[in-house]
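Sharing the feature lines straight out of Swiss-Prot:
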- 101: active site, nucleophile (ACT_SITE)
- 126: active site (ACT_SITE)
C-alpha cells in the first residue's frame, strides 16, 4: 500500500499551532529544491516557478538544487539552467545518485565553487539526441539543423563552466561519458566531492 508523500509539521512564524505539509513543501520553504526525475516541461516549470518565487521572497539567501535525474528534454533543461543564471541568489547544485544528460547540464550550471556531488554519485555527459527517427526527410533535416545548434550551445556552456577547451568538451560529448564524483570534479563539472 503506497504511503504517498510523507507529511511533516510546519509552524509559520507567529503561529502557535503547526500544520502538516508534505515534506517537499517544507523543504522548499528552507530553499531546498529537488530534481528527482526526467527533465520535462512540467518539472521545469515547477522548478523555475520556485526559483523565481524564492528569489523574489529573499534575494540574499542561496538556493540548493538536489539532482538525481537521468536527463530528459533539452529545452526544458536549458530553461532551468537559464533561470539559475537569472535569479539573484546563488544556486548550489548537489548531485546525489545520478546527473545524466540534461541533469549534468543543470549540475554544471550551479554557482561556480558551489557545485557538489556525493562520493558515490555518477555524472554522464553526451550530445543531445533526436526523438524523431521516423520523420519525413524534410522534417528530419530541419530537426538535424536544430540539433546542431543545440549541441553548439551546450558545448559552449560546458566549456565556459568547466574551463575545458571546446574541442575537449565536443570530443567528450560524442558518446556517453560516465564519471565518478572525483572524475567529474577533475573535469570541472563540480567543484567539490562531499566527504563521507
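Glycine is treated like the rest: Cβ placed from N, Cα and C.
I'd like to know what surrounds each of these features in this structure.
Cβ neighbours of residue 101 (active site, nucleophile) (same chain, under 8 Å, six or more residues apart in sequence): 70, 71, 72, 124, 125, 126. Following the DSSP three-state reduction, the secondary structure of residue 101 (active site, nucleophile) is coil.
Residue 126 (active site) falls within neither a helix nor a strand when secondary structure is assigned with DSSP, and so counts as coil. For residue 126 (active site), other Cβ atoms within 10 Å of its Cβ number 17.
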